[in-house]
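One structure is given below, encoded as structure tokens.
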């Protein structure tokens, strides 16, 4: 392995400072210690921002790895054999029912968020507007500025406090966390009920507080949390079990429903069910099957219908199922002018511009996030920063409106919700206020739909510049917020500017260079440049594919992937690093491996599970070959969670012989303990019980995946990625266990500036 650059140390040591502070994880979640599948992947105490630091120098936190491979032990096979054809059909119907419930609840939550944001923002803008109109004539507009800043800060303070102090896992959009979950890495508390409640309340406060954020990302996270809860038929947070959907209490089934929840969130946000399916496929689900596609589409359709139905009732338009509170791209497309062939080069230029601006946005936010992780990790500092950003946003917005002289006539076809006259003549409104003095969704719609002449080039230029930096500063705050709408708003502004300039400098430009059309193209280019979406973006915004292809070529990495990489989460991408074929399983595996015999002593099992220095989660079960040989032949694999359940129920050989009426352990006992298996420290094993024996034959997976020592790294990677594995046993030519490959072993290799680089594991 001499050709690999050893670049970074992932430390497995504990916090030497004594544990007073906790490291933020993915926009707010904090590191946790715990049992079962969690490995400590470092700290940030060695980060020096003055050095040319790579993201790999940022260290890991406690993460739990999910197991998307079913354990086909004897209990599982017996249950499958006993199940009739009707039973399988009932399970399939249950899957559709769950997807329908996910879509309905996600749409209902999205409706509540939309109504709450529109009402709270409406009250705020009405109060500020009345105050501005009052002091415009008599003087003293500074009072209006203070009022605006105070109202913004008050809303944001509430949203930041509940996130920072009650549930840090609700910070940000939640999309990076959901991507990690679907990839097989469980970020702490990412799909809990408390996270959902704080997420919903937090995003309402963030958007109503005037931050440069959107509510679409949190809708996706909310849908995923709803799916994780509904599909299990119980709430572990409320300690309430409804005794339904018990069959789906395992990682494999739960993953599929979380995919449906994420798609339902996209569909509710943009009114695009197909876009929701493609988003879940492209940005979320690492594992996919065709049967899942139609169920996810069904959940997305139900979500969109539910949202539009309740919004139409709220707006006293029961027959109108369009959603006035959300972005509806298709409505604009129906009125737009068809493009000409000579416009394709212009779209390519816009795609390149969106990619470059997106790359700049991501780089700036990357360094800002490192600064926050290093210095702004206390909850009180996080709340203060969020309030500061809210106040600065209000101040900058007020200054831009105050110094703008872009006055437009207020005609009957204008749809401004809060038109500000300020220093304009009677019958006119300040055009800059249309962009700043509004919720981001309404600002995007005005840029799409307002007729030509509604903005002058200087207004759009200044708005693009200021909002770009405000949005970059805002993303990553300890508030619930998304980046979809700010990206669309930035792109719509410079796209409309581009259309205005084309109309001015080209012959007959006013005929074909419709500003609204180019606003749409700019919005798609900017969103694609920041988050690097391709498939789902073409459906969400229904724009031209050539622009998306250019974005894909220009932008090396999306914002969500950057934030995942910043925390060094062991995320497995589609392919293994290039130039890694010469590496073999022997060189990447962990060895020696802790193995159990088919019939093992209870005391040995307890000691291994209690060993905090290793904290292994999968244990090969072997048959000894010879007394002098330390290596045994593989005959199965058993998980830590399974062993804990066996210890909890005292499934010992001696007790089974002495108690002829002892109830046989069933899969239901394992499902009841899922997903929060008790820690080994909570299970009492007496000294006499330590001398008992435990037969693992019935509970182990007798057919685990194995590979020879000479298997190349890309082949091992494909097995992990395609099958959702958690452990892969490495055997020699005689089928003896020689090593074990885990996700951590694969994630430490990546292609860097110096070729294939390895992040060196420090054993301490």
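Just so it is clear, glycine is given a Cβ too, placed from its N, Cα and C backbone atoms.
A TrEMBL annotation is a machine prediction, not a hand-curated record.
For reference, TrEMBL has these:
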- 700-758: domain 'CBS' (DOMAIN)
- 1-34: region 'Disordered' (REGION)
- 96-117: transmembrane segment (TRANSMEM)
- 145-166: transmembrane segment (TRANSMEM)
- 196-214: transmembrane segment (TRANSMEM)
- 257-280: transmembrane segment (TRANSMEM)
- 292-314: transmembrane segment (TRANSMEM)
- 344-368: transmembrane segment (TRANSMEM)
- 380-403: transmembrane segment (TRANSMEM)
- 460-485: transmembrane segment (TRANSMEM)
- 497-515: transmembrane segment (TRANSMEM)
- 535-555: transmembrane segment (TRANSMEM)
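In the predicted model, the domain 'CBS' (700-758) shows an average pLDDT of 88.
Across the domain 'CBS' (700-758), DSSP assigns 16 helix, 25 strand, 18 coil. Below 8 A, the CB atoms of the transmembrane segment (460-485) and the transmembrane segment (344-368) form 3+ pairs separated by six or more positions in the chain. Note: the stretches the transmembrane segment (257-280) and the transmembrane segment (96-117) are in contact (3+ CB pairs below 8 A, sequence gap of 6 or more). Here the transmembrane segment (497-515) has long-range neighbours at 336-337, 340, 343, 346, 350, 452, 455, 457, 460-461, 464, 522, meaning same-chain residues at least 6 beyond its ends whose C-beta is under 8 angstroms from one of its own. Taking residue pairs at least 6 apart in sequence, the transmembrane segment (344-368) and the transmembrane segment (145-166) share fewer than three C-beta contacts under 8 angstroms. The transmembrane segment (380-403) is in contact with the transmembrane segment (196-214), judged by 3+ CB-CB distances under 8 Å for residue pairs 6 or more apart in sequence.
Tertiary neighbourhood of the transmembrane segment (96-117): same-chain residues 196, 200, 203-204, 207-208, 215, 218-219, 222-223, 226-227, 230-231, 245, 248, 257, 260-261, 264-265, 267-269, 295-296, 298-307, 310-311, 314, 323, 325-326, 439, selected by CB-CB distance under 8 Å and a gap of 6+ residues from either end.
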